[in-house]
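Asks: Provided herewith is a single structure, encoded as structure tokens, for subsequent inquiry.
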């Protein structure tokens with residue numbers, strides 16, 4: 001349905017409120033009005049609605065409507081006689097999140113859980129109280145509403161290593177069909193053949209607009225002997241302008257991709273703004289029989305006849321298990337939670353990609369990208385700077401000295417940032433980004449490059465602060481506690497600097513900002529000791545959290561779920577999201593989260609329908 005003949009009632013943070021104060025109100029407020037008048041962006045008739053009065057029981061209850069949960073809800077409700085309930089703690093996605101260039105605006109808003117780690121000893125030392133920020137989406141579509149939209153699957157070795165660790169069915173050849181199942185690749189003929197799908201729910205394509213510097217970065221990479229290629233294809237080493245989860249120049253969250261097309265299914269019900277407090281597990285049979293949740297200030301319970309599927313992400317999936325009495329026995333007893341099943345691995349093996357941001361000046365004084373001309377180009381044609389994320393569309397996968405290039409499993413990812421059209425005060429051409437026109441000296445454009453450790457050896461954990469379901473968990477990231485992570489990241493910094501010294505980028509006059517990082521002033525800028533100091537003080541995390549409900553065989557004492565994603569020792573309960581990853585994939589995690597959900601949905605259908613009949617759906 002493509003009509004705007006429906007009331008526009010969608011709440012949530014606005015562009016003006018996310019840009020930082022009243023100075024932005026006029027231009028960004030007007031821009032919001034124009035954007036919400038665009039039928040394909042506002043989409044008022046196709047948005048999922050929260051069910052006022054749910055049924056007393058369902059065949060399947062899915063907890064969390066994010067990158068994985070939205071997919072599971074879609075695939076299970078394909079079976080017409082299954083009644084499926086999807087419970088999401090947040091509301092529907094704000095219209096402003098549809099604009100690719102605004103992808104950073106909604107971090108820290110009401111649709112972001114805004115988690116923070118406990119004080120770190122070896123990372124984030126310049127942050128307030130030494131706490132690292134962990135944005136997580138509290139919205140239908142989850143973090144797919146907040147992320148940079150890159151479609152990166154990871155390396156072949158990621159999945160082959162999962163299988164070798166005792167997880168049959170999870171090798172690269174096993175999971176590739178599930179990537180293809182979701183995908184509707186608009187540029188399939190330009191990519192490596194046999195590695196991309198068409199006709200799926202998830203549109204995959206590059207942004208319509210590419211800043212000229214994006215192509216220069218690719219040229220610089222080739223000068224260093226690094227290929228430009230499809231990084232979701234034959235090889236995972238090299239650079240590319242990434243494909244993204246976008247459609248017609250706007251963000252495609254998993255809610256928009258997998259839920260809006262099926263809102264007419266009578267067997268799928270959705271509860272928004274509803275917080276699950278625990279999974280109800282029969283203490284005698286150790287089987288999940290339902291969920292308890294808070295909605296409109298009331299504590300309610302619903303029964304699950306077949307299964308409860310937890311898709312709440314790497315932070316909240318283990319949190320919900322712990323609240324349900326599933327986890328380390330002594331830890332639960334200290335919190336006055338009755339242990340249902342002793343499972344030591346819940347909340348452990350938590351890890352994330354870790355980065356450091358390098359700033360460079362270039363010879364470009366045009367520091368403002370967002371103005372009325374830019375806005376009109378987007379509103380009329382879905383093109384121009386607002387239709388992309390600037391230089392954030394470019395990425396590269398490279399090897400540090402600790403990695404073997406022959407294995408095609410790079411241990412570093414390079415990200416870029418710059419030329420982002422996200423906030424403006426007046427929208428006038430020539431407006432300074434700091435709002436101060438005719439000032440001296442002439443402003444310089446800043447470009448950021450941030451090398452990122454893909455295979456961190458450091459491991460953290462999370463636990464509960466108390467037994468109150470509304471209290472955020474205690475997160476101990478323990479970044480950079482393994483020395484190899486530090487060595488890899490220092491190597492990545494040197495590779496990034498070498499890239500800026502190529503002829504292709506020196507045309508722009510790239511020069512590094514040599515302002516010392518606070519706390520590292522006593523070290524010579526650029527030496528290894530300086531970089532180690534810098535990354536420990538200004539630590540960047542890529543928000544690709546994983547591993548806290550690790551998949552593994554029952555013989556592995558740290559495993560939480562089986563290769564079928566069933567919680568060890570508890571019947572009729574699964575976890576389906578990035579928390580099940582034994583080791584995080586090499587790259588952005590949204591595409592793998594969707595793949596995991598696709599595969600899990602088939603595993604569930606195989607069990608409850610039968611192996612010969614399930615593929616009907």
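Keep in mind that glycine also has a Cβ here, set from the backbone N, Cα and C atoms.
Okay, these came from TrEMBL:
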| type | residues | note |
| --- | --- | --- |
| BINDING | 139, 143, 276 | FAD binding site |
| DOMAIN | 137-160 | domain 'Glucose-methanol-choline oxidoreductase N-terminal' |
| DOMAIN | 313-327 | domain 'Glucose-methanol-choline oxidoreductase N-terminal' |
Asks: For the binding-site residues listed here (139, 276), tell me which residue's CB has the most neighbouring CB atoms inside 10 Å.
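Replies: Buried the deepest by this measure is 139.
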Asks: Using all protein chains in view, find how many other C-beta atoms are within 10 Å of the C-beta of residue 143 (FAD binding site).
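Replies: Counting Cβ neighbours of residue 143 (FAD binding site) within 10 Å gives 27.
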Asks: Residues sitting near the domain 'Glucose-methanol-choline oxidoreductase N-terminal' (137-160): Cβ under 8 Å, six or more positions beyond its termini, same chain?
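Replies: Answer is 12, 48, 64-70, 88-94, 97, 100, 103, 106-107, 110-113, 170-172, 174-175, 179, 204, 231-232, 236, 242-246, 251-256, 259, 270, 272, 313, 389, 392-393, 395, 397, 407-410, 543, 583, 585-588, 590-592, 595.
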Asks: Sequence-remote contacts (6 or more beyond its ends) of the domain 'Glucose-methanol-choline oxidoreductase N-terminal' (313-327), Cβ cut-off under 8 Å?
Replies: 63-64, 66, 113, 115, 134, 136, 142-143, 276-281, 335, 337-344, 346-347, 350, 462-464, 467, 469, 473, 475, 545-549, 560, 567, 569-570, 573, 575, 577-579
Asks: In the predicted model, what is the mean pLDDT computed over the domain 'Glucose-methanol-choline oxidoreductase N-terminal' (313-327)?
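Replies: So the average pLDDT across the domain 'Glucose-methanol-choline oxidoreductase N-terminal' (313-327) works out to 99.
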Asks: Within the domain 'Glucose-methanol-choline oxidoreductase N-terminal' (313-327), how many residues are helix, strand or coil going by DSSP?
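Replies: For that range the per-state counts are 11 helix, 2 strand, 2 coil.
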Asks: Could you give the number of helix, strand and coil residues in the domain 'Glucose-methanol-choline oxidoreductase N-terminal' (137-160) as assigned by DSSP?
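Replies: When I sort the residues of the domain 'Glucose-methanol-choline oxidoreductase N-terminal' (137-160) into the three classes, I find 9 helix, 3 strand, 12 coil.
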Asks: Max Cα distance spanning 139, 143, 276 (FAD binders), Å?
Replies: 18
